[in-house]
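Asker: Not my notes, these are from Swiss-Prot:
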{"type": "ACT_SITE", "residues": "GLU304", "note": "active site"}
{"type": "REGION", "residues": "16-259", "note": "region 'Non-LT domain'"}
{"type": "REGION", "residues": "260-480", "note": "region 'LT domain'"}
{"type": "SIGNAL", "residues": "1-15", "note": "signal peptide"}
Amino acid sequence: MKKLLFVLLTITLLASCQKVSVEQTKVIPEPIKKTTLNVGTLYGAQIFVTTGQGEAGFDFEMASRFAEYLKLELKMKPYSNISELYQALESGEVDLLAAGLADTPTRREKFRLGPPLYRVNQVLVYKQGTPIPKDVSTLEDNITVITDSSFVETLSQLQKLYPELVWEQEKEKDSEELMAMIARGEITYTIADSSTFEINRRYLPELRAGPILKEKQAIVWLLPPKNSDQLMSDLLTFWHYEKRSGTLAHLNEKYFAHVKRFDYVDTRAFLRAIDNKLPKYKESFQHYANGIDWRKLAATAYQESHWNPNARSPTGVRGLMMLTLPTAKQVGIKNRLDPIQSIKGGAKYLNDILNRLPDSIPENQRMWFALASYNIGYGHVEDARKLAQSMGLNPSAWRDLKEVLPLLHKRKYYQRTRYGYARGNEAVHYVDSIRRYYDTLVWVDNQNQLLIDEKASAEESQLAEKIGGKQENLSGAQPQ
């Protein structure tokens, strides 16, 4: 009897153990495979922006490459301010922050910081006509800066030297909005990083940069302080690869190099021309662009003639697109002074050059090569490419070619080329100017679209109020 009880007890225990084992096996979840890289960001010309041509920005392009490197789908999540960005990262809503944020002591304490993407200076910004401040101790008014920004940390450090220094913080505005307020005279001073300042003074030429408050501050991505070892390891490997391959140098050139040159008079004149001259020719630019962004075509025409259909040059070029007589014949144009024919001919000539360029030149840089060819001739650009290759540079990278083109006016170099002497430095300036005009046209387009959206939203609200009012009146007329 005892043996029987022992056997039954043993069987029961074994069954129980097996049941527990099975139950435990059932409740262990399968690891969820990650499919998306969620990136917190802020809107900004050099950070992340959406246009009619798609999404752009230094941080966006780097994030796109990083997601591709990780074999994940990229999801950019814009937030209203830095505080919301921090909360999103801390809560796990996003995997990292790519928002043009600077390396600061406070951020190092709270988060893990990635490697430097580029470096900026912090500059004091004021409006033309305001007395030029020598340093922050001579300011006539308070400084207004963004809440949680690196500028607040800089001011806190400066306050130790200048105890009377005071500032105001804006949580719901970004640097671009504060600089617009400077231009309108609503505030007197703000602080911006040098890149953001240089980009925005193209649209707000009244802006001026005062003393540099902090030099060569690294712009980095922010990662969570915990459970991000693998992501940090992947980011560092990715960064080293992109640095060696020239991607970082290319993006720096793309977003920042051409904006360093600034001409107040020219910028004001261009903004006036957008209002007064461009409307006459806008439809023609759009109609004949044929695959080219019409704003690049319009920017080229402005660089050539300032949108003057009767423009003439002692060298024989004429019209809105300043075509030579041989080029006009080549593209089938009879009257170079007819603005419509000129636009049609200039667009065809540019497209012909684009189609002629080697396939090795990346799509996002082909226009700059084509414009340089439009300016000094395709042969000279080919000479510069061969010269770049002989110097160990990349002949298909615009950042390298713009370093070589100016050498074409030096005997030491041009005597080795097929087509000889050329003013290559003028070609570089020519392309940079067109890129600035193009960026301004994109900005104006975006501003106009915002106004259209705001007007439509206001009309919808008014319509909803009217409908709501009618329904209220109808319900009031019903029997009780």
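From the backbone N, Cα and C atoms, a Cβ is placed for every residue, glycine too.
Keep in mind it's a predicted model, so treat the numbers as computed, not measured.
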Asker: Name the residues of the same chain, 6+ apart in sequence, whose Cβ is under 8 Å from the Cβ of GLU304 (active site)?
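Answerer: Result: ALA311, LEU320, MET321, MET322, GLY346.
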Asker: As a test of reading the model: what is the averaged pLDDT for the region 'Non-LT domain' (16-259)?
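Answerer: 87, rounded to a whole number.
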Asker: Specify the secondary structure state of GLU304 (active site) as given by DSSP, simplified to three classes.
Answerer: helix
